Amino acid sequence: MEAEEEQRQTMSSNKVMCLLTDPDGTPLGGPMYLPQDAGPQQLQQMVNKLLNNEEKLPYTFYISDLELLVSLGSYLEKNKVSVEKVLSIVYQPQALFRIRPVNRCSATIAGHTEAVLSVAFSPDGRHLASGSGDTTVRIWDLNTQTPLFTCTGHKNWVLCIAWSPDGKYLVSGSKAGELQCWDPQTGKPSGNPLTGHKKWITGISWEPVHLNAPCRRFVSASKDGDARIWDISTRKSVICLSGHTLAVTCVKWGGDGVIYTGSQDCTIKVWETTQGKLIRELKGHGHWVNSLALSTEYVLRTGAFDHTGKQYSSPEEMKNVALERYNKMKGNAPERLVSGSDDFTMFLWEPFVNKHPKARMTGHQQLVNHVYFSPDGQWVASASFDKSVKLWSGATGKFIAAFRGHVGPVYQISWSADSRLLLSGSKDSTLKVWDIRTRKLKQDLPGHADEVYAVDWSPDGEKVASGGKDRVLKLWMG
């Protein structure tokens, strides 16, 4: 009898009771005994088998938010974890492609005569636009790295720009409150300026292409306290979203068809888009809301385009592919929203599930300037005036890591398409690339002569663009 008992103990001591769950906490089967020498590779084979994946997909594994890079036995020993408890392991699908880290400046393009205030790659990554204090929008040819078009017509600083997710239009908003729609093929305005706002434009967001193709509607936010929905085919403001008592600072058109607006009145409002009715109000911040991010943002921005560079023949085809991509990205979880504020905090919301925040994210010592979900929705990054960039869990809002290295406020961040690298631009005139797996600085990119206001990583992952106070646009490559 004793021998049997001993044998059983030896057996179980070489094994670990594990429970595999997806990022939302849904278990994949029940708890099971795994050999202590099993590592990421064995787990990968297992998950592919359990999910009946015909094509073997790459996964990474996390135990309490730390990536598992060694065998289970080594992990238990190093982290002094008891074998008695069930070990929860989260599996996360990885991008099938890998983005090379950018490490050199491939072009410095002069042209703007005042600070570059915004940069944005087109959804397919083939074109780049910039907006400047010199009142122009410029569209750049990325093959020759020269200006393609200079779009003139604004009478004041161009504060924000946004490409339609089908790539057919570019809209810019100015300090005078005017919006202008451009044809990226010609650089010419498509029609007269869109007027209605009384103060400057703070944000622009397009209706997702999986809800409507070809793209026709976008929403603009303004310091005048309103957000407006515009139809570019009629050139009119079709709905005015009124209700905020102070400036609207940011706006996002969500994948489920609602619009989110953040304001200096400390609230976030959720609107439906057929009549512009207020659906709910998200309260909790003690100061201005500065930035909003959606967990589905990357697929909303890129619509039907992915890293393969496939082009589409019809709006219908585009809409279907975009819908498929959106549903795959969203999975069974609700669309999540993160808000960053002047009160030094962030909130994680699931607006369709609850009007109360899912998590309050604290740790920044100064105002939070910009928040951004990784393309796979797994992480949230935040940039702050406290000179740091912080990393959080996109599912729970739990703090993961702080990236330190900038010596000035961090203005803007952008993700690589594979969610493995994060880019930040700062007042200290540098860009930095951070490695999410090692939680360390991967690349320091000096070169600008002054503050870097705007950064963007192209959706195809090939290039990074930056612009700022020194009036030049820089392109960086791997």
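Backbone N, Cα and C define each Cβ position, glycine as well.
Just so you know, TrEMBL annotations never went through curation; they're auto-generated.
The annotation domain 'NLE' is assigned in TrEMBL to 16-76. If you look up TrEMBL, you'll see 109-150, 151-192, 194-240, 241-281, 361-402, 403-444, 445-478 marked as repeat 'WD'.
Helix, strand and coil counts from DSSP across the repeat 'WD' (109-150) read 0 helix, 23 strand, 19 coil.
Within its own chain, the repeat 'WD' (445-478) has Cβ neighbours under 8 Å at 97, 99-121, 123-125, 128, 130, 132, 138, 140, 142, 145, 298, 301-302, 305, 307, 309, 408, 411-418, 423-433, counting only residues six or more beyond its boundaries. Helix, strand and coil content of the repeat 'WD' (445-478), in residues and according to DSSP, is 0 helix, 18 strand, 16 coil.
Across the residues of the repeat 'WD' (361-402), the predicted structure has a mean pLDDT of 95.
Residues 114, 117-118, 120-124, 127, 129-133, 135-139, 198-206, 208-209, 213-215, 218, 220, 222, 224, 230, 232, 235, 300-305, 315, 318, 322 of the same chain lie 6+ residues outside the repeat 'WD' (151-192) yet bring a C-beta within less than 8 angstroms of a C-beta in it. Residue counts for the repeat 'WD' (361-402) by DSSP state, with H, G and I taken as helix and E and B as strand, are 0 helix, 22 strand, 20 coil.
Taken residue by residue, the repeat 'WD' (194-240) breaks down under DSSP into 0 helix, 23 strand, 24 coil. Helix, strand and coil content of the repeat 'WD' (241-281), in residues and according to DSSP, is 0 helix, 20 strand, 21 coil.
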